[in-house]
Structures are given as structure tokens and as C-alpha cells.
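First the structure, in the form of C-alpha cells, and then the observations on it.
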Amino acid sequence: MAAKLPTVVLLASFAAVILSLAAPLLAGDPDMLQDICVADYKSLQGPLRVNGFPCKPEANVTAEDFFFPGLGKPADVYSGNPMGSAVTAATVERIPGLNTLGVSMARVDYAPWGGANPPHSHPRATEILFVADGLLEVGFVVATAAPASSRLITRVVPKGGVFVFPRGLLHYERSVGEKPAVAISAFDSQLPGTQAAADALFGSSSPAVPTDVLARAFQVDGGVVENIKSKFQHK
């Protein structure tokens with residue numbers, strides 16, 4: 001055993017070095033290379049293809065680049081809103097000063113008794129949700145060791161409670177109280193991205209996911225799939 005100890009120590013040291021080098025790669029966004037890099041929307045030509053926006057010249061930076069008043073105003077969760085919920089995002093698309101800082105926030109308003117933020121995921125960020133008012137049932141789906149098996153991690157979160165949704169996992173929130181609910185979420189990405197499961201499969205994908213693929217996946221008739229698709233507004 002004594003002869004093997006140096007090898008074990010060497011392997012452990014090597015693993016520690018690899019983990020320390022990999023740690024920055026596990027962050028939601030890349031590390032920043034300067035104190036500030038306020039997004040310069042006007043200089044962007046075509047769609048964004050990098051992890052961040054071009055930087056505005058520092059001489060042109062103002063306090064307004066780091067300010068957003070939108071999270072203090074309730075959103076309409078009733079008018080033509082089948083989900084009974086509304087998200088107000090405070091990402092780099094609305095706060096240019098967030099560029100390269102790797103954080104963002106959102107406010108979610110829910111109608112009482114059933115207002116839901118339907119199953120969705122954030123491919124680029126972990127979310128921590130704070131219930132500012134009301135009562136929310138929340139949950140996320142995690143894969144288990146059994147083949148093709150998943151488990152729902154769920155609970156009711158009261159006012160003042162906090163719940164964490166791990167990065168990339170499908171999750172939802174639903175109001176279960178008799179008054180409107182409000183939640184504030186924080187993300188470890190300037191632009192976490194949101195992919196709503198139902199809309200991605202049945203609605204906004206272009207081209208659309210083939211009906212026969214969905215029929216086989218959900219083990220239903222193609223007519224059922226077409227009926228569901230008809231309820232979504234295709235982009």
C-alpha cells in the first residue's frame with residue numbers, strides 16, 4: 001500500500017488542478033475582461049453571434065445604462081392571457097450595463113388560484129426564485145438512475161420563501177392562493193434564455209416538429225397533435 005501512495009497523491013493532485021481549471025467554465029457566462037462593458041446596441045450588425053454585446057465607449061456610459069424601473073410595476077395577468085401569468089425580464093436586452101456581468105433578474109406575476117408559468121427551462125442559467133407575495137406551488141423534473149425515468153421535485157413556497165431551479169431543468173410555478181402572487185427571480189446569466197416546453201413542441205418551432213414524431217412520443221393519434229398545434233400561434 002505504501003508504494004501506491006505517491007501515485008494516489010499524484011492522481012488526486014492532478015484531479016484538483018483539473019477541477020480548478022474547469023471551475024470558470026462552469027459559470028453561467030464567461031468571465032468579464034474589464035470593469036464594465038455596457039452593451040452598445042446601435043453598433044450591432046445582424047443577429048448576435050457571441051456571448052455578449054459590443055462595448056459602448058466608456059465616455060458615453062451613463063447611470064441610465066445600469067437602471068431599469070420595470071420590476072416595480074405589476075403586469076396584466078388577465079386580459080387575453082390563458083396562462084394567468086406574465087414575466088417582466090430585466091436582462092441585458094433591457095439593461096445594457098449587465099453586459100458581461102453574468103447576472104439578470106425577472107418579475108413574475110400570477111393570477112390567483114391557478115395562474116401558472118408553464119413548464120419551461122433556462123438553458124444558460126440556474127434560477128433562484130423569491131416569493132414576494134402570495135403562495136406558489138413550484139417544481140422541477142430531474143432524471144433518475146432508472147432508464148427513461150424522471151422525478152418531480154415539488155413543494156409549496158409561501159411568501160418570503162426561496163426556491164432554486166437547477167440550470168437547464170424543466171420547471172414550473174403555479175399560484176395556489178386566493179390572492180395574486182408575485183415572484184422575483186435571479187439568474188447567473190445576463191441572458192438566461194427561456195424555452196417553454198409546450199410552445200417549443202407544438203407552437204413556435206420553425207419548421208414545426210413533425211406531427212408523426214409528436215404522436216409517437218406522446219402515444220396519441222396524429223389528430224390529437226394537430227388539435228393541440230391549432231391552439232398555438234405559430235411564429
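Along the chain as shown, the residues are counted starting at 1.
Every residue gets a Cβ built from N, Cα and C, even glycine.
The signal peptide annotation in Swiss-Prot covers 1-27 and is backed by experimental evidence. The disulfide bond annotation in Swiss-Prot covers CYS37-CYS55. Marked as N-linked glycosylation site by Swiss-Prot: ASN60. Annotated domain 'Cupin type-1' per Swiss-Prot: 69-226, in sequence order. Positions annotated as Mn(2+) binding site by Swiss-Prot, on the basis of similarity to another entry: HIS120, HIS122, GLU127, HIS171.
Same-chain neighbours of the Mn(2+) site beyond HIS120, HIS122, GLU127, HIS171, judged by a C-beta within 8 angstroms of the site's C-beta center, are, in sequence order, SER121, PHE140, PHE165, LEU169, LEU170, PRO192, THR194. Taking a C-beta cut-off of under 8 angstroms and a sequence separation of 6 or more, GLU127 (Mn(2+) binding site) has the following same-chain neighbours: VAL164, PHE165, HIS171, SER185, ALA186, PHE187, PRO192. Among the listed binding-site residues, namely HIS120, HIS171, the Cβ with the most fellow Cβ atoms inside 10 Å is that of HIS171. In the predicted model, residues of the domain 'Cupin type-1' (69-226) average a pLDDT of 96.
Neighbour counts of Cβ atoms within 10 Å were compared across the disulfide-bonded residues CYS37, CYS55; the minimum falls on CYS55. Between the alpha carbons (Cα) of ASN60 (N-linked glycosylation site) and HIS122 (Mn(2+) binding site) lies a span of roughly 32 Å.
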